[in-house]
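Handing you a structure now.
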Amino acid sequence: MGKLAADQLTLSYDSTVIIDGVDLKIEEGKITALIGANGCGKSTILKSLARLMAPKSGTVLLEGKDIHRQPSKEVAKKLAILPQSPQAPEGLTVEELCYFGRHPHKKLLSKHTQEDHDMVEWALEATGMIELKDRTLDALSGGQRQRAWISMALAQGTDLLLLDEPTTYLDISHQIEVLELLKKLNRDHGRTVVMVLHDLNQAAQYADYLISVLDGKIYNAGTPEDVFTQPFFREVFGLECCIMRSPIDQKPMCLPTGLCPKLRAK
């Protein structure tokens with residue numbers, strides 16, 4: 001059993017079932033990407049793994065125990081979540097934002113400790129934001145802003161980092177900036193990263209494992225080489241693709257060549 005897992009997880013909004021009886025395990029010390037078509041439920045799974053959504057049935061397990069039976073503060077010491085398009089109060093600086101990550105470790109009305117200061121400084125250094133710590137968030141580029149939010153998540157001091165579409169609304173250079181940072185945090189600092197991604201080639205390039213979702217169930221899971229198959233692209237995305245190897249690192253890549261025939265007929 002991994003540090004974070006789901007057992008027969010069913011998730012719903014009111015009476016509409018979105019995820020139906022899913023089992024999954026997050027590989028510790030690796031980068032995992034949740035992929036699938038729009039509306040398939042991948043972000044819903046991430047919310048449940050982060051304890052932001054209670055299951056209709058089944059269990060999310062954190063360190064082998066039901067995550068919903070653990071105190072919120074204890075969960076926040078083990079797992080950090082960065083939602084899609086997070087918002088902060090106007091005028092907040094990068095450093096002030098980063099200190100919010102220390103809240104799970106503080107008692108009510110207590111002052112910051114030396115450990116808090118050390119963790120914030122480390123998080124800012126690790127994300128390359130130390131020189132920008134006094135800037136307000138609204139004065140940053142898209143990539144810098146996302147790095148600032150990641151520094152806050154790092155300041156929590158957790159081994160698990162969950163991100164919902166961390167590259168959404170960023171141009172390509174800022175997308176790569178964020179993905180390279182997450183790769184560095186995994187490689188150099190041992191963080192387990194779970195993220196929802198839309199770009200399949202980026203998912204294959206940066207993730208060690210992929211979990212694909214189709215109609216509320218896990219379609220397939222494994223390494224990019226295991227997941228990137230012709231049936232996967234046809235059934236999950238309705239695409240005909242040419243699957244090739246990157247000339248740089250031999251990771252699989254897909255080149256869409258058109259819609260599959262059953263979709264053309266519609």
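For all residues, glycine too, the Cβ spot is worked out from N, Cα and C.
On a predicted model such as this, the values are computed, not experimentally measured, just so you know.
Found this in Swiss-Prot, in case it helps:
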type: DOMAIN; residues: 4-240; note: domain 'ABC transporter'
type: BINDING; residues: GLY36, ALA37, ASN38, GLY39, CYS40, GLY41, LYS42, SER43; note: ATP binding site
Quick one: average pLDDT across the domain 'ABC transporter' (4-240), no decimals.
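Mean pLDDT across the domain 'ABC transporter' (4-240) comes out at 96.
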Quick one: which residues besides GLY36, ALA37, ASN38, GLY39, CYS40, GLY41, LYS42, SER43 have a Cβ within 8 Å of the ATP site's Cβ centroid, in sequence order?
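In sequence order, the nearby non-listed residues are THR44, VAL213.
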Sequence gap of 6 or more, C-beta under 8 Å: which same-chain residues meet both conditions with respect to GLY36 (ATP binding site)?
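GLY36 (ATP binding site) has long-range Cβ partners LYS42, SER212, VAL213, LEU214, TYR219, VAL236.
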Drop a 10 Å sphere on every Cβ of the binding-site residues ASN38, SER43 and tell me which sphere holds the fewest other Cβ atoms.
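Taking ASN38, SER43 as the binding-site residues, the minimal 10 Å Cβ count falls on ASN38.
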Work out the three-state DSSP category of GLY39 (ATP binding site).
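GLY39 (ATP binding site) sits in coil per DSSP, no helix or strand.
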Could you say which of the binding-site residues GLY39, GLY41 has its Cβ with the most other Cβ atoms inside 10 Å?
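Sorting the candidates by Cβ neighbours within 10 Å, the top entry is GLY41.
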If you count Cβ atoms within 10 Å of the Cβ of ALA37 (ATP binding site), leaving out that atom itself, what do you get?
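Result for ALA37 (ATP binding site): 15 neighbouring Cβ atoms inside 10 Å.
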Quick one: give me the count of other CB atoms within 10 A of the CB of LYS42 (ATP binding site).
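LYS42 (ATP binding site) is surrounded by 24 other Cβ atoms within 10 Å.
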In sequence order, which residues at least six apart in the same chain have a CB under 8 Å from the CB of CYS40 (ATP binding site)?
VAL213, LEU214, ASP215, GLY216, VAL236
